[in-house]
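This report refers to the structure that appears directly beneath it.
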């Protein structure tokens, strides 16, 4: 990571992602809201908040006068929607541990594979760091692993690939706020179409809806803006590896806010994941020195 502010942005993004994970778990595992309604509310809330921010910036004169153009693009919006929808539906039938492993394995394969394909070679130290971080994640999730249903597994893998694609496309974002806002606005009609397609299966739940709105407006919308601000300065493999910290942060957050147990397994897993991430980052710095 070449700049201290990039490290700060990345850390804030990981905190937002972990918060998002907790909110999704609370909604999809703890209430009766269906995955389609959750996805629609999450996407719509993010689009509304980010679009209001775009309008406020325009009125303040930060981006000049004239017609308001929609940032982002349809390809990124499709990747964003596919991630949000596939994640929500997969999470309904997967355990937290199995879901996290499938998701982040797919993210790793997508982003690291893209980096290698484009000549972003890893030093031996970075491969060791990546292996250590993955081992720590597996160890953390081992107690909740279960043989997953095939359809849900494929959905979570698809979610990981879609998120990897969406993250990689963020490296081209000139204006993270307008790009993220435009992507979410474009994703709204996709979420509406999904909601219409599963109308008969819709289950409304006030608490679940509230979680979805907070997830969309804060941890998704604003969190993704922060991530898009950091992505142009991160190599693909580094960006993929730092995301392995999300389940660890979420587990610590679950202990603090949801009353979940803080165990020796969590502490050792956190040390392995964070140590592995440090090796990947320090390996990159050694390469530049």
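Think of each number as a place in line: the chain as shown, counted from 1.
The backbone N, Cα and C atoms fix where each Cβ goes, glycine too.
Here's what TrEMBL has on this protein:
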TRANSMEM  39-56  transmembrane segment
TRANSMEM  68-91  transmembrane segment
TRANSMEM  97-117  transmembrane segment
TRANSMEM  124-142  transmembrane segment
TRANSMEM  148-168  transmembrane segment
DOMAIN    153-281  domain 'EamA'
TRANSMEM  210-230  transmembrane segment
TRANSMEM  264-283  transmembrane segment
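The residues of the domain 'EamA' (153-281), classed with DSSP into helix (H, G, I), strand (E, B) and coil, number 111 helix, 0 strand, 18 coil. The listed stretches are 39-56, 68-91, 124-142; of these, 124-142 has the most Cβ pairs under 8 Å to the transmembrane segment (97-117). Regional average pLDDT for the domain 'EamA' (153-281) in the model is 88.
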